[in-house]
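J.: Sharing a structure with you now.
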Amino acid sequence: VVKYQDSWNIIRLEDCSSSGNGESYQEQLSRLEGDKESLVLQVSVLTDQVDVQGEKIRDLENSLGEYQHKLNSTEDRLQQELLNRSSLESQKLGLMEEVPGLKLKQGNMEEKHINRKYIYLLAVCVCPTGITEKIKDTTNSDLSSVSSGVDSGQQSPVLQENVKNSSIRKLWGKMKRPGVLSDDIEPIQFKRGGFRATAGPRLIRAPDSGRSSRAHTSFSKWTTEQVCGWLEDIGLGQYVSLARQWVDSGQTLLSATPRDLEKEICIKHPLHRKKLQLALRAFSNKTMEKSSELDHIWVTHWLDDIGLPQYKDQFYESKVDGRMLQYLTVNDLLFLKVTSQLHHLSIKCAIHVLHVNKFNPNCLRRRPGDENKTSPSEVVQWSNHRVMEWLRSVDLAEYAPNLRGSGVHGGLIILEPRFHSETLAMLLNIPPQKTLLRRHLTTNFNTLVGPQAQQEKQEFANASGHTPLTTTAKVRPKKLGFTHFRQLRKLRMDESADYICPMDTWNPPAMSGTPKRRYGSFRGILARDSDRLEQVGSKN
């Protein structure tokens, strides 16, 4: 019985535990079903959100494609505008190059017109009416042929001058003596009265009549006419009329002060006054510099060679000659409207090249040679046109016209330590995204300048405080206070000047070494001068 009772208790306990587990399973099942419904709801909500975000992403992709298309079209238009701008600048520079030639033609035409009047007046004073009409017709026919040649652009100024002189010689050949003409005109009977042949004005002044007499006489003993002729020879003929009234001899100009020159001859142009002072100082010191042989016409052609033809009018009006190039200051260049720092450095390097070559007028090389046998000593003498020919030889012909008016020449490339291939790429308007083209330019540029100049440029670029050379940096004049003006009055002209190319940088004995090191000592000097010019200029 006890055993049966124990088994019955065990069976009851098992039934109770099974009934308890059944209830917990129901609760868990109901709870899991509730969780399942909530998860299904969350999945449906998240699915709707994913659909909405997908639509937004598709809209953004469409907008991105439209903006990318607009950006590409804008870049194409920008590139086209840059090309149009470069072509317009090239056309502008070409027109500016033609202006001096047109001015010379205008001056020749005015001179021919004046000579025509002189010939007619002389014929009126000497000949009767009928003969005068015949001479007038002959003169008109000669001058009309000359003017037609000038208009058509087929005759040079030298040929026009020869034609003018031949017409004058033809007229004088017909007139053997007053009242008697050549074979085609019958001689007339001599009559008293009337005008003498010498009563009219002189046709022309013999160009060498005054120079031969001035060469053997000291300047202080020159007469008034000799001084006036000398003023015309150096390009200051507009002051001859007042100088004839004031100057008694050459000593008058030697003892004159800048204030006297401005007051008596009305030389208010600062560079005209500086040119006259430099010439007078050369006479007083009795030293004739090689640069004095280069006149202001040569300087205008020199500006073409170094790639700065846009300043030809300013230099021509200021009568800047070879002697003045040695003594040009920063303020002088600013007065000549040269404000770009790159153009200042271009003129400075070009003057350095002239110094080394002893102001040889033909030192710059314009014609291309063997591109495979170039050395830095030859590249430093390249003109702007020669650099453009080099660009064409390295397959960059489409960018070569962009160097017009940039001031890039061989002296700037070799002697300026801050001029790198990146600077040349900016001047050529090569886009930064064309990396292969820029790498090609850098390779050829390094080959051109040589390893020594490349190393010096790199050392200067790695120096502390280095500022890269930009194409938009401007040079501004120094601001002087009241005390500085008081000090400037006590200084002479050569003491107060901040020369663009200092005179002490040219040391001929240092240049007498090997030809390969002919320009080697200039780079350190140019580096110091670049820092000096950078201090004068403003950072852009």
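Quick reminder: no glycine exception, Cβ is built from N, Cα and C everywhere.
Annotations in TrEMBL come from automatic prediction, not curation.
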J.: Between 57-91, 127-161, I'd like to know which one TrEMBL lists as coiled coil.
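T.: Feature coiled coil in TrEMBL: residues 57-91.
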J.: Other than its close neighbours in sequence, what residues sit by the domain 'SAM' (382-413), given a CB gap under 8 Å and a spacing of at least six beyond its ends?
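T.: Those are 86-87, 89-90, 93, 304-310, 340, 342-343, 345-347, 349-350, 352-353, 364-368, 371, 419, 424, 427-430, 437, 440-441, 444, 448-449, in sequence order.
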J.: Helix, strand, coil residue numbers for the domain 'SAM' (299-357) per DSSP?
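T.: Tallied per class, the domain 'SAM' (299-357) gives 43 helix, 2 strand, 14 coil.
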J.: Across the whole of the coiled coil (57-91), what does the mean pLDDT come to? Round it, please.
T.: 90
J.: Using DSSP, how many residues of the domain 'SAM' (222-286) fall into helix, strand and coil, respectively?
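T.: Per-class counts: 48 helix, 0 strand, 17 coil.
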